[in-house]
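Below is one structure, written out as C-alpha cells; the observations come after it.
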Amino acid sequence: VEGSLVQFETLIMKLAKRSGFFWYSFYGCYCGWGGHGLPQDPTDRCCFVHDCCYGKVTNCNPKTATYSYTEENDGIVCGGDDPCKKQVCECDRVAAMCFRDNKDTYDSDKYWKLPPQKCQEDPEPC
C-alpha cells in the first residue's frame, strides 16, 4: 500500500484520532475494499461517499496518487498544483472528518465484518 491510501490513514489519525486500517477496513458494506448494497449507518455512509468521490476522480489513480496538504487550526488544507491530486486529498479529508463526526454511532458489534448477504440491496446512486 502506498500513496494516497497511506496518506488517507494519516488524515484519519490526525482528524478522527484513530487508525483507519483498524477501525474502518472491514466495517459495514462500504468501508474497506469494494462496496455493495446500502450504507448501514453514518460511518458506512462516510465510506460510501468516499468511494463515490474516488469514482469521480479523473487523470490519476486515487489509491496511489500522492498529494500535498498542510495542517491548520486542527484541520487539513489540501494544496498543490495538480487538480487531480487535490481532488483525491479532498475526498480523503472529507471522509476523515466524517469518521470523526460520527464516532458516536460507530457500532462494531453490529457492523464489523458484516456478512456479504447483508449488503445485497440495490445500491443507491452516487
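Every residue gets a Cβ built from N, Cα and C, even glycine.
Of the residues Asp41, Asp51, Swiss-Prot puts just one in the Ca(2+) site with Tyr30, Gly32, Gly34: Asp51.
Partner cysteine of Cys98, as given in Swiss-Prot, is Cys46 (from among Cys29, Cys31, Cys46, disulfide bond). A disulfide bond in Swiss-Prot ties Cys89 to one cysteine from Cys78, Cys84, Cys91, and that cysteine is Cys78. For Cys29, the cysteine that Swiss-Prot lists as its disulphide partner among Cys119, Cys126 is Cys119. Looking up Cys47 in Swiss-Prot gives a disulphide bond to a cysteine among Cys31, Cys52, Cys53, Cys60, identified as Cys31. Per Swiss-Prot, the residue from Cys52, Cys53 that shares a disulphide bond with Cys91 is Cys53. Secondary structure at Cys89 (disulfide bond), taken from DSSP and collapsed to helix, strand or coil, is helix. In the three-state DSSP scheme, Asp51 (Ca(2+) binding site) falls into the helix class. Listed in sequence order, the disulfide-bonded residues near Cys29 (disulfide bond) (C-alpha within 10 Å of its C-alpha) are Cys47, out of Cys47, Cys52, Cys53, Cys98.
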